[in-house]
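Let me begin by presenting the structure, written as structure tokens, before commenting on it.
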Amino acid sequence: TRETIYQPSMFEAFDPAKKDFRARDKALSNIGHERGLTATLNTWAKSDIPDAADRCYELLHFLKTEYIGHLSANAFLYTVVCKAFVMRSQPARAQAVLGEYLEDELADPPVAPLIHSVMNCWVKSRPSEATKQCRRLLNQMKMLAATTGKEEHGPTVVSYSIFINALAKQGRAREAEEQLRVMMEEGIVPNVVTFSAVVNAWAKSNDPEATVHCRHLVSEMQKLAKQEEDPSLGPNAVTYNTLLDAFSRRGQGVEAEEVLNEMIEAGFVPSQLSFGSVMAAWDKSKTADAPERCWQIMEQMVKMQKETGSKDLVPNCKTYNMILHSLARRGRVQEVEEMLQEMLRAGTIPNVITFNTVMHAWVMSGSKDAPQRCKQLLTEMEQLVERTGRKDLTPDVTSYSTVVAAYTRRGMAAEAESVLRKLEQRGMKPDLISYSTVMNAWAKSDADDGAERCYKLLLEMKRKAAENGRNNVRPDLITYVIAMQAFADRGNVREAEKVFLEMLRDQIEPRMENIMSLCRAYARFEETDAAVRCQLLLTQMKDLADKTGNEKVRPSVIHYNSVIRTFATARTAQEAESLLRHMIQQGLQPSGKTYRIVMNANAKAGPHGSPERCLQLWEEMRKAGLDDGQNVLTYNIMIHAYVNHGRQSEAENLVREMAKTDVAPDVVTFSTLLKGLAKSTVENGPEKCRQFLSEMKQLAEEGNRPEIMPTLHTYNTVLGAFGKRGRTKEAKAIFEEMKSHGVQPDTISYTWLLTAYCNSENDDAHLTCKTLLAEMKELAEEKNLKELQLDSQVYRLAIEAVARRGLPHEAEDLLKDMQDEGVEPTTSIFTTVIDSWAKSNETDAMNHCLRLLEEMKRLSAGKSGSELIPTSMTHNFVLDGFANRGQAREAEEYFTDMLADGIAPDLRHFAVVMKAWEKSGDKEASTRCKHLFLAAQKVRIEDDTYNRDSIMGYMQNLV
């Protein structure tokens, strides 16, 4: 204070606002020597007077510039003035004084401690600027040491430790460790503080390798301590606790526990913090037995407490809460309850967090009793307060909100609201979360008036916010959206719209998804005038912006584009275009993107859209100056329109036009065109695919456009064009070409090549298919290519190729090979093999057919929704096998078994059994045929595959 400082009159003389040089000169004449002056300034610097540092500087500056006498500005004065600014957390002023000190070359005594105080001042008062300024001061120390030749002026372990700590506080762990390496290269041995600062930096960073760096640094400390024969350089309790924190933050319980044991072995007694960090690590881990590990850690702490007598190690409420939280996170609600009782038995009084944790465990559990138990715990808390008088156990807003959440999660909206009312009766004020939770309960409930109850709570929140100025209950965006969605989900779109407009009037800026949500509701529930309602909504938003001046609610091109896209996707191209017209009427200029959205809707609209309409919109774009004919996106939409409507030649002509107008086609252009050609029935479609593939490569190479180089998808499209037509030679050529260009074929590539061989008339096609299968298998194993896995589709094609050539043994070998590889066969594959046996000349063929049917039943047994259920076609092939061999009785026996198993026959089954009798030559054949014919007429058969009249005529002829 002014009463305790030395030379108060001189203090007044050096008021920065008064420049009375005579008074200052006179005041200094009373000081006999420089040591007295330093002592005087020291009392000024340490005083509580706000401008004392400025007065110290005024005196220093006066000595340097105006005073002629027996006193001078020496190193000690500079030090006092500099520290005066440091004490007042003014690092910039302190650094300025330090700069003057160094310029006057008064570096005696050593300047390092003074620089350290300035560096620390930056770290503590302005951490955002600290790293830059500390680096500058560190470099200044290096230059000072070099120019003076005095090492004591250079950076020390303290200098680097401060700089490293500044980096650590900014989360710049990598830079902190780099500075550690720099100091070590300069021959400065880091101490435990330096290392611990770097470990702390890594512990708090988001680097995935952080714990590895922490571990490495601690090991380095241990080696350095051994090397220098100085135990103080090794990790201490702080270092170990920092390392524990690193593992704790990342939920690495095993590693944290290892560090704890290492700490104990090193002779350090862990604190409650140490044990708590390990428990927190287990709690955050995904380990199922984490609660048990937390309990073991607590037992270890209790044991150590008994051995050391440390009161710090007595388990407290926080310790038990950690175990409770660990159990709660894993949904072990009954054990949470048991732990609460254990806590009480141990004499540890629970706190509000304890009860809230137990209630939260019930909320997160799937128990239907959760709300009742939460309410009971709330009552227990209230009774405990009355019994013990401990006000700190009074349920807080979180306690009541947790009970509300318990009811909400189980759709008990009325009960959730009753708890909210009880909270108010207890004199507490529900917050935004409490209200929003109850609103959400009503919104998601089955109550007919759920939306109305939801909205009523919203109005209540607004009223309380207005009356009491309570911002923590003022409805926010989420609150309004809950109410709006409550109406929208119930099909009451008009009320949802009202809530939305109210939100806008309250100047709460909607997000794009809110507008989209309302538009989706229009599209879903407004059958006829959905687009009109959207237009009205957007108009109201514009009017509101004009009236209030709130530009945040004015519909923009982006808003319209989102709405138009919703209608283009969910409804019709015509409605999407109506919104485009409305946008123009409102004075908004559509963007090229707007037009392209509507064009794309027409392109995809099938019979309801047309390429002609797309062309009209394109022309409109050009007139509006939104397309100069050079936009590849527009061309791509037009090409898609032609392709989608089967007008392939016009799509090709448009690609040619692009070349003439210097519009470079992109990968989408070619992909769309190739896809259309591949799917078309045009005879020369595959050749055209190949031609455009060549053009892609040429354009990519000559135009230096690697982005349009044919991709795997492109090659697969062309492969499919040839594959579907069974043109093996061309398909194989494309396959080899893609490999030569460095494109690795995937399962789809092999599937199309197999399709080509399967559909071809080549005698050796089945051999090639088997070779391709083997090649796939070898490549997948050697190169571990996930995109090259043998699936049921490739096996099906190979099996079909073999089966078509009358080789049932080989077909079944492939089936077995498929199963050995872990690929589940489908009904289609089994049916193909059965058909192969049925059509063969093998004497025991039908036994194989029946055996395969039994295998299908065995494999599908116990499998829900199994694909291995014989189809009508499967049974047909078996019956055909008997019929072709004239085995009429076996055919009819099989047919009878089908009926007994509840399999509904189709007319084809009756006809095939009749054919078997007709071919048998059996004397009962005519009788059996007549019987089956009459049965077929009596049984109601839904048959979508065969023409009923023609089959009945065929059976009549058989009779």
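Each residue, glycine too, has its Cβ placed from N, Cα and C.
Annotated coiled coil per TrEMBL: 762-789, in sequence order. Here TrEMBL flags 792-946 as domain 'PROP1-like PPR'. According to TrEMBL, the feature repeat 'PPR' maps to 156-190, 236-270, 316-350, 396-430, 476-510, 556-590, 631-665, 711-745, 791-825, 871-905.
Assigned with DSSP, the residues of the repeat 'PPR' (156-190) fall into helix, strand and coil as follows: 26 helix, 0 strand, 9 coil. Counting only same-chain residues 6+ beyond the ends of the repeat 'PPR' (711-745), those with a CB under 8 A from a CB of the stretch are 667, 670-671, 674-675, 677-678, 685-686, 689-690, 693, 696-697, 752-762, 765, 768, 785, 787-788.
Counting residues of the repeat 'PPR' (791-825) by DSSP class, helix then strand then coil, yields 26 helix, 0 strand, 9 coil. When the repeat 'PPR' (476-510) is classified with DSSP, helix, strand and coil residues number 26 helix, 0 strand, 9 coil. Panel annotation: around the repeat 'PPR' (156-190), residues 112, 115-116, 119-120, 122-123, 127-128, 130-131, 134-135, 137-138, 141, 197-198, 200-202, 204-207, 210, 213, 217, 224, 228, 233 of the same chain, lying at least six beyond its termini, place a Cβ under 8 Å from a Cβ of the stretch. Per-residue confidence over the coiled coil (762-789) averages 84 (mean pLDDT, predicted model). Note: the repeat 'PPR' (631-665) comprises 26 helix, 0 strand, 9 coil (DSSP; helix = H, G, I, strand = E, B).
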